[in-house]
Amino acid sequence: MNATGHSPLAPAAGTPLPPGTRIVVIGGGMTGHRFAARMQSQDPTGDWTLTVIGEETQHPYDRVHLSDWFGHRRAEMLALDTGVWADPRITLVTGDAAESVDRSAHTVTCASGTVHEYDRLVLATGSWAWAPRAEGKDLPGSFSYRTVDDVESLAAWVAERGEALGREVRGVVVGGGVLGLEAAAALQDLGARSTVVEFADRLMAVQLDDGGGEMLRLLIQDKGIEVRTGVGATAFRPAEDGAIGTAELTDGSELPADVVVFSTGIRPRDRIGREAGLAVGERGGIVVGESCQTSDPDIWAIGECASFDGVCAGLIAPGNDMADVVADRFLGGTRTHQRGEDGTKLKGVGVDAAAFGDVNAMTPDALEVSFVDPVHRQYRKLVMSDDATTLLGGVFVGDIALYSQLRPMTGRALGADPSAVIAPEGAGDALAGAEMPDDAVICSCNNVSAGTVRHAVNEQGCHTIGAIKECTTAGTVCGSCVPSLTKLLNQELAKSGIEVSRALCEHFDHSRAELYRLVEEGGQETFTEVVAAHGTGAGRGCAVCRPTVASILSSLGALSGKRHSPVGRQLGSLQDTNDHVMANIQKDGTYSVIPAMPAGEVTPEKLLVFAQVAKDYGLYVKVNGAQRIGMFGARLEQLPEIWERLVEAGFESGHAYGKSLRMVKSCLGTNWCRYGVGDSTAMASHLERRYRGLRSPHKIKIGVSGCARECAEAQAKDVGVIATHRGWNLYVGGNGGAQPAHAQLLVEDLDDETLQRCIDRFLILYIREADKLQRTARWVEEYPGGIDELRRVIVEDSLGIGEELEAAMQRHTDTYVDEWAEAVHDPERRAKFVSFINAPDLHDKTLRYVLEREQVRPARPEDAPETTFPTPLAAKEHALAGAAHISQEDQ
Amino acid sequence: MTAPADALVPICPLGALTPERGAAALLPDGTQIAVFLLDDGSVRAVQQHDPYSRSNILSRGLVGTHLLTVEGETEGRLVPTLSSPMYKQSWDLDTGAVLDSGGGEKLPIAVFDVEVVDGHVHVSAAPRPGTGGEA
């Protein structure tokens with residue numbers, strides 16, 4: 001069959017599902033997931049069932065971010081929202097491939113023999129990785145780059161091969177497109193040397209023009225990846241042991257090839273539809289019209305397997321749109337599929353390149369305006385209509401700050417002089433006042449228009465990027481539009497005069513960041529001075545502003561090197577009880593004792609002291625969530641006695657009570673771990689000693705992993721460091737907690753010193769600019785210009801403040817003192833640690849403890865009084881006496 | 001040891017209190033109270049028991065002020081406040097009334113009269129009638 005174009009069967013509106021309709025989706029990829037999720041959210045109570053048949057064993061996952069797997073090596077971290085599968089109407093089948101469709105019987109038969117009956121069938125089978133014909137291309141060691149299985153076996157092969165050969169593994173990537181470059185970067189991350197072979201005369205030949213391709217070649221070569229363009233691979237020869245060993249190229253040359261990755265394009269997986277007799281496009285793919293219905297009125301096709309206007313799209317945005325169209329029509333809607341201007345952005349490679357629209361100026365009389373700077377590795381080009389007013393396309397390599405702003409403007413008036421827009425000085429300033437039209441698609445992944453975002457800001461009360469993401473889904477897939485979203489948000493807020501109050505409380509009209517700056521400039525050193533200079537009037541503050549001011553004064557005191565006493569006499573009265581008594585209050589009013597254990601290291605000698613102290617007071621002992629040991633249940637008056645013994649044994653405060661660095665967690669690293677490639681323990685210990693005690697807007701957690709296996713879970717930390725063969729990769733803005741966030745890659749391949757300098761800069765920026773009690777994850781998320789701008793400020797030092805920030809951090813480190821050592825040696829402060837000021841020898845007699853799993857816990861009202869004890873020690877002694885009694889009986 | 005309900009009990013020298021910080025104290029009948037020295041030099045006392053967390057911890061809360069505007073009054077009144085160190089509910093230290101219950105039930109606290117005599121803090125042996133919500 002040879003049909004292209006729209007299906008004549010496309011109805012004006014979808015026919016709503018009759019009750020009890022059985023929907024079957026073939027394909028458990030991103031589009032199939034999107035369709036299921038859409039059906040669920042658009043029709044939460046409808047009477048239908050939906051079965052998604054997935055061939056892969058994994059739950060549907062984020063294939064767009066497949067290369068992220070190398071960062072964490074956990075397939076489940078790529079999983080798409082699994083909440084969909086909790087809907088009892090929706091069933092997910094994994095690990096069973098659909099083999100055939102019987103259109104007359106309305107059944108799908110799977111490889112396992114299972115037969116699924118359908119009333120409506122949706123094909124979402126995606127594509128397969130095509131590889132050119134070449135002798136030896138199926139030798140062991142040859143891979144595609146499309147599924148989690150692919151990347152898992154690729155990683156295993158490189159590791160095995162390295163061990164078998166006893167030398168660096170040499171890899172060849174066939175294909176220099178977006179995926180090929182991702183694969184080459186992945187090979188490099190795995191410790192292999194890689195060469196990209198591209199048949200066309202430039203990299204990303206489909207998306208970029210000649211100039212952009214050339215700049216990209218320079219940037220890729222800068223990363224140590226070799227590039228060969230204008231040649232193809234003709235044959236592969238085995239090594240002595242039969243695995244792949246050598247690649248022969250069309251120009252007669254040879255390349256060593258211990259591993260080969262093919263990334264030479266995709267083809268629609270249309271076999272099932274083809275064999276079932278559906279209309280198939282000239283270049284493959286199931287033919288659909290704008291309703292996404294196929295030539296069979298009971299079958300729809302979405303995503304990469306569907307041919308629309310003769311083209312099978314290879315990007316997620318049109319796939320998502322098609323899924324949305326079919327869901328809408330199943331529920332009686334009239335939505336139609338449109339192909340927008342999607343653009344392409346290179347990601348996961350550490351090199352910036354992006355392009356959209358008519359990159360090669362094929363439109364008659366189109367004008368090209370370009371800026372080329374090979375020294376700084378930058379290339380920018382705009383393609384304009386013949387009168388230089390309408391934007392037709394753009395290419396950005398090396399610096400893609402303009403991409404997300406300009407892409408939605410394709411086909412519209414640019415509203416500025418194109419050469420000014422791409423000029424190196426203040427690039428983009430020419431567009432500062434420009435407004436995006438309502439119908440311009442700002443997030444192409446989820447097809448969200450500027451108008452929808454405006455509506456969310458003005459009508460739905462979304463005044464933060466986080467709220468906009470939640471409400472509109474814009475910016476939640478690839479994230480490249482976040483800078484534009486931020487700009488749009490700020491424009492709308494300014495326009496409608498909505499002021500988002502960041503005022504701390506009734507005592508201060510300023511946000512925390514503003515107050516920090518004012519105090520830094522004003523030099524106030526006490527709460528009285530701060531409230532007099534910057535407060536709203538009379539008053540002595542509250543539980544919000546007092547700790548905030550204490551934190552600001554502490555941070556500034558340490559960073560200026562003037563005073564390092566966040567909890568001492570001066571600021572003590574401003575602090576919550578936790579900071580005031582340097583311990584965390586527990587539910588019964590007693591406290592925890594958690595010494596620092598940098599990198600989780602502790603000597604047996606120190607551990608013995610810790611154990612003896614805990615035993616002497618009968619305290620509950622537990623390893624907490626921050627890789628440290630804590631004891632719990634200490635009364636106020638016991639804290640200095642306990643700490644005096646710990647300090648003497650060499651322990652320091654772990655600041656578990658402070659809005660400050662909590663810990664630097666690490667795996668074992670190269671000293672002990674057979675997989676380690678970096679000494680994560682030494683680095684973690686060093687970082688913890690550098691940043692310990694630093695007061696910040698909220699707590700800070702750091703993780704250091706010694707290899708890409710990421711055992712320290714660094715990407716869930718505020719600052720995450722992961723060792724590779726080429727140095728340290730630095731991630732920022734991760735978070736566990738109630739709103740988990742993945743840390744984002746800030747910069748790669750750092751040496752020890754540069755890593756520390758980058759973290760210095762990041763932490764001080766955070767301390768300066770974050771809102772009260774704002775973790776780094778939200779701060780990074782809301783940072784104007786996003787992670788790209790943060791990278792410019794921190795890595796490229798675009799504001800020229802890098803050295804100043806490092807010097808400030810050095811002052812903090814140089815003047816650090818252990819708070820508990822200071823307190824236990826200060827008799828006047830020690831005297832304050834009493835339960836009752838008029839009865840220093842007594843304590844709270846209402847406290848009661850019971851035993852559970854051989855340790856104490858505070859008693860609850862329902863515990864029988866005879867099972868409770870007045871102190872942890874009494875409970876423990878009773879337990880030990882009981883044990884002795886029993887063992888005597890045994891004898 | 002017993003004392004008449006309106007008797008004043010000596011607690012501690014004024015200088016033993018930390019400005020803008022609380023201290024716990026025991027009354028003769030075993031009642032635990034929280035005593036605060038405020039920025040203006042005055043002293044307040046309330047129950048030590050936190051009705052929300054049911055722990056004896058209020059002396060470890062943060063003090064501050066709040067501009068209280070009452071219906072019918074043109075000018076607000078600056079009242080001293082206490083917030084719980086456990087879950088951050090706050091009270092008016094003058095009356096024991098709840099200022100911020102964190103969205104939950106309003107549980108006021110008992111207030112004890114204080115007199116500073118010759119540099120020594122004295123607290124009434126019984127709460128001021130009508131304050132507090134507990135038996």
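Using N, Cα and C of the backbone, Cβ positions are placed for all residues, glycine too.
Annotation source TrEMBL lists domain 'FAD/NAD(P)-binding' at A:22-306. Taking the domain 'FAD/NAD(P)-binding' (A:22-306) as a whole, pLDDT averages 92 in the prediction.
Per TrEMBL, the feature domain 'BFD-like [2Fe-2S]-binding' maps to A:441-490.
Feature annotation from TrEMBL assigns domain 'Nitrite/Sulfite reductase ferredoxin-like' to A:586-648.
TrEMBL lists A:658-797 with the feature domain 'Nitrite/sulphite reductase 4Fe-4S'.
Residues or ranges marked as [4Fe-4S] cluster binding site in TrEMBL: A:CYS667, A:CYS673, A:CYS707, A:CYS711. Around the Cβ of A:CYS673 ([4Fe-4S] cluster binding site), 16 further Cβ atoms fall within 10 Å across all displayed protein chains.
A coil conformation is recorded for A:CYS711 ([4Fe-4S] cluster binding site) in the three-state DSSP classification, outside any helix or strand. Residues or ranges marked as siroheme binding site by TrEMBL: A:CYS711.
Scored on C-beta pairs under 8 angstroms, the neighbour of the domain 'FAD/NAD(P)-binding' (A:22-306) with the top count among A:441-490, A:586-648, A:658-797 is A:658-797. Compute the center of the Cβ atoms of A:CYS667, A:CYS673, A:CYS707, A:CYS711, which mark the site for [4Fe-4S] cluster; besides them, the chain residues with Cβ within 8 Å of that center are A:LEU668, A:GLY669, A:TYR675, A:GLY676, A:SER680, A:SER705, A:GLY706, A:ARG709, A:GLU710, A:ALA712.
Counting only residues at least six positions away in the same chain, the Cβ atoms of A:CYS667, A:LEU668, A:SER705 sit under 8 Å from the Cβ of A:CYS711 ([4Fe-4S] cluster binding site).
Counting Cβ atoms from all protein chains shown, A:CYS667 ([4Fe-4S] cluster binding site) has 26 others lying within 10 Å of its own Cβ.
Other C-beta atoms found within 10 angstroms of the C-beta of A:CYS707 ([4Fe-4S] cluster binding site) number 21, with every protein chain shown included. Look at the domain 'Nitrite/Sulfite reductase ferredoxin-like' (A:586-648): DSSP puts its residues at 30 helix, 14 strand, 19 coil.
Under DSSP, A:CYS667 ([4Fe-4S] cluster binding site) is assigned to coil, being neither helix nor strand in the three-state scheme.
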